[in-house]
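Comments concern the structure below.
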């Protein structure tokens, strides 16, 4: 498997763009497309690896045949542990190794194209601004945001919103048009305070007030509507929203 066959990024910005594409792909495999990923990781098959590509596509495949490989290789044999541990623990393990692989690929490009100390530091800082795949998959980022918000002046607003979960007949969601319909300007500010540091459970990107978001009523993670293929119109008719990961967990025996 030549995971670098498409192109070779040569600048810090290009390497970071390559990193983000591969990262987005692997996050999809471990969250919104986890059912397909689970099925492909058959323990009866040979050593399998999870590859992420700059095009935001992922693939489960055998490792590269050439030695040494064109790029650093991801962890081998992720399929062997699939049925020997809890699914969430298995996904977390794959996520950790995926994070390590992404860094290895990024700094492989840095070494190959002669990044100096300043360039390497800038690349790492850009990468470090994003949550890791492990943090996205396990929900660690959301927990950190909750802790930070509880210490802020607006923490009570967030807690109040979460406490309403049991009595709400519809899932929690936000959409850009809501702020235009509100009579009081302060309501828009409250929405920004509540969600400003929230990260999408699928892609790991930040909340933006001009995007539609929806919250899973099971795991309480927030998602871009576009990431989970839910539109504002469809959300109006959903009594209890379950994200793809929670839906797959309940469907699987």
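Along the chain as shown, the residues are counted starting at 1.
For all residues, glycine too, the Cβ spot is worked out from N, Cα and C.
Looking at 95-144, 145-194, the stretch flagged in TrEMBL as region 'Disordered' turns out to be 145-194. The domain 'PHD-type' (197-249): residue composition by secondary structure is 10 helix, 8 strand, 35 coil, according to DSSP.
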